[in-house]
Amino acid sequence: MDLKQFEADNSGSCRLASRIPDVCRTEDCCLGVDEAGRGPVLGPMVYGICFCPVSKKEELKDLKVADSKTLNEAERENLFQKLDEAQSYVGWALQILSPNMISTSMLQRTKYNLNALSHDTAICLIQYALDSGVQLKEVYVDTVGPAEKYEKKLSQLFPGIQVTVRPKADSLFPVVSAASICAKVARDHVVKGWNFAEDLGEIDTDYGSGYPNDPKTKEWLLKYLDPVFGYPQFVRFSWSTAQTLMDSKAAPVHWDDDEEDGEKAAQQQNNRSMLSYFSASAEGDRAQPTHRFFSERRLKSLKSL
């Protein structure tokens with residue numbers, strides 16, 4: 001699996017894909033969707049799809065694919081190799097979402113939660129398969145949120161395709177198991193070979209599973225918490241685990257204008273509050289000359305709306 005494209009910039013999102021088998025462009029196909037790394041506070045989340053002709057379902061099953069969480073790393077690598085060798089009828093695609101992208105999406109002004117991000121990523125991957133000429137007739141998805149609601153949403157977006165959304169779909173449908181393996185193998189490789197953009201010296205890579213309740217992970221988070229700059233981009237700083245540690249261990253920052261007494265605090269320090277620049281002038285304030293930029297464009301301040 002060639003990860004050079006993501007490794008060149010591991011702060012955003014990256015898509016990797018296999019060659020599209022010719023048979024998938026001529027025969028009715030089934031497709032599975034699953035992810036790896038939804039819960040960890042460290043590393044990326046990877047969404048994967050795997051697809052093959054409906055007529056090849058049994059052959060896919062004979063590869064002994066299973067839910068990636070029930071397999072050890074060596075077994076996952078072996079099964080991914082088998083899937084790659086079956087490229088005459090099996091195809092896959094991955095979307096790698098960096099920790100930085102996940103956190104900035106979740107903390108932006110217009111909230112974009114993890115469920116919405118997961119749905120949109122899955123939808124984009126299904127659309128990618130269609131745009132690549134794959135003749136999709138069946139789609140199987142491991143649910144995120146209520147299964148019925150998610151199934152209805154996908155069915156409306158992709159009319160003419162039989163959509164099945166189930167909890168634990170990776171243990172029910174081999175094509176979802178295959179997608180799960182592809183996603184997990186990619187995440188394992190990314191985490192192992194993570195290129196830290198920050199100058200942290202010799203990095204301790206013994207960070208455990210990456211899940212918030214893992215003692216090794218918590219120890220690593222404490223070790224690499226900078227009191228001013230916070231965490232490296234390997235950490236999902238929107239996770240409550242990371243936020244709690246930063247609140248308790250990092251240097252506090254106080255923004256006066258975030259609070260009701262911002263005006264008073266500014267006056268005490270003989271400063272103007274930032275908010276005062278956006279409010280109408282109080283009575284008795286000495287008139288200020290209008291800047292040429294505003295007068296040339298005939299722009300005036302409004303006292304009221």
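Along the chain as shown, residues are numbered 1 onward.
Quick reminder: no glycine exception, Cβ is built from N, Cα and C everywhere.
Whatever TrEMBL says is automated annotation, not expert-curated.
Marked as divalent metal cation binding site by TrEMBL: Asp34, Glu35, Asp142. Sequence annotations record features per position, and here TrEMBL assigns domain 'RNase H type-2' to 28-251.
With the fewest other C-beta atoms within 10 Å around its C-beta, Glu35 stands out among the binding-site residues Asp34, Glu35, Asp142.
Confidence over the domain 'RNase H type-2' (28-251), given as mean pLDDT on the 0 to 100 scale, stands at 93.
Summary of the divalent metal cation site environment: with the site residues Asp34, Glu35, Asp142 set aside, the chain residues having Cβ atoms within 8 Å of the Cβ mean position are Val33, Ala36, Tyr47, Gly48, Val141, Val144, Ala169, Asp170, Val176, Ala179, Ser180, Ala183.
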